[in-house]
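*Asks:* Take a look at the following structure, please.
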């Protein structure tokens, strides 16, 4: 669309991994494999946490919602990326790009809040075990999960709506495999300082507030365990902390390390190609690792899987 001497962008071309043209077939195969494992692992956690009565506890209720978010997040990014890698259909309309970014912001915010909620759940069960059932009721768990899912809607809609209301005229080539803020922002004609400042402040608050809750929760957990050493052996105390919190801390570390590199600075010092690799890690690799981290370290889930598959094998024999 020509506006005087300006050509206004009406659709985007996602460059994806065009700099790795010779490796795109191999990359596609690897990403497809990772995506398949991600979907199977997270769907399995959702199903087993739903059907097994032994897992009808707040901890597994929140873990089920975490897996649901990971499923939605992967579906929002990976299928489109695979289409771009395997075919020439690498264009994206304004509406599709805006919707994808909206959902990405929403799911990432939901993950931040849910990580904080899961840390608070561990704090209550370790520091206040006698009051756990009273505090973490089904109604409370549903309300906390709803907050995690819905609290990001205003921010996601506001940022995506503002960004895509700007005038794009520099180019229509997005140097990324999905519509992220940073590469799309580079195509804007007008000044973006106010928008970038707002994105930085919003991102900082969204990341820091849940992180503070996580840190405070684990400080109280550590203090609680230190007090129990008076009547509990050191090895037993450490083992309880490790078995209860290790998986959650690993997921927190993976999630924050990858997202911090990308989200704190829309125009960071990372090169576009390096930024794409980091983004790929939390768009494809991290969602695949989460079921592995939780299932391999969690005896309850392993037992639930044995019961489920044991019943299936018995019914097949009968």
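Backbone N, Cα and C atoms are what each Cβ position is placed from, and that goes for glycine too.
Quick paste from TrEMBL:
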type	residues	note
TRANSMEM	25-49	transmembrane segment
DOMAIN	41-294	domain 'G-protein coupled receptors family 1 profile'
TRANSMEM	103-125	transmembrane segment
TRANSMEM	146-168	transmembrane segment
TRANSMEM	197-221	transmembrane segment
TRANSMEM	241-265	transmembrane segment
TRANSMEM	277-296	transmembrane segment
*Asks:* Which residues of the chain, 6 or more past the ends of the transmembrane segment (103-125), have a CB below 8 A from one of its CBs?
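*Replies:* Here the qualifying positions are 58-59, 62-63, 65-66, 69-70, 72-73, 76-77, 131-132, 135-136, 144-145, 147-149, 151-153, 155-156, 159-160, 178-180, 206-207, 209-211, 213-214, 217-218, 220-221, 244-245, 248, 251-252, 255, 259, 263.
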*Asks:* Is the transmembrane segment (146-168) packed against any residues at least 6 beyond its ends, judged by a Cβ distance under 8 Å, and which are they?
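*Replies:* Same-chain residues near the transmembrane segment (146-168) but 6 or more away: 6, 8-9, 65, 69, 94, 97-99, 101-103, 105-110, 113-114, 117, 181, 184-185, 187-190, 192, 195, 198-199, 202, 206.
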*Asks:* On average, what pLDDT score does this prediction assign to the domain 'G-protein coupled receptors family 1 profile' (41-294)?
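*Replies:* That region's mean pLDDT is 85.
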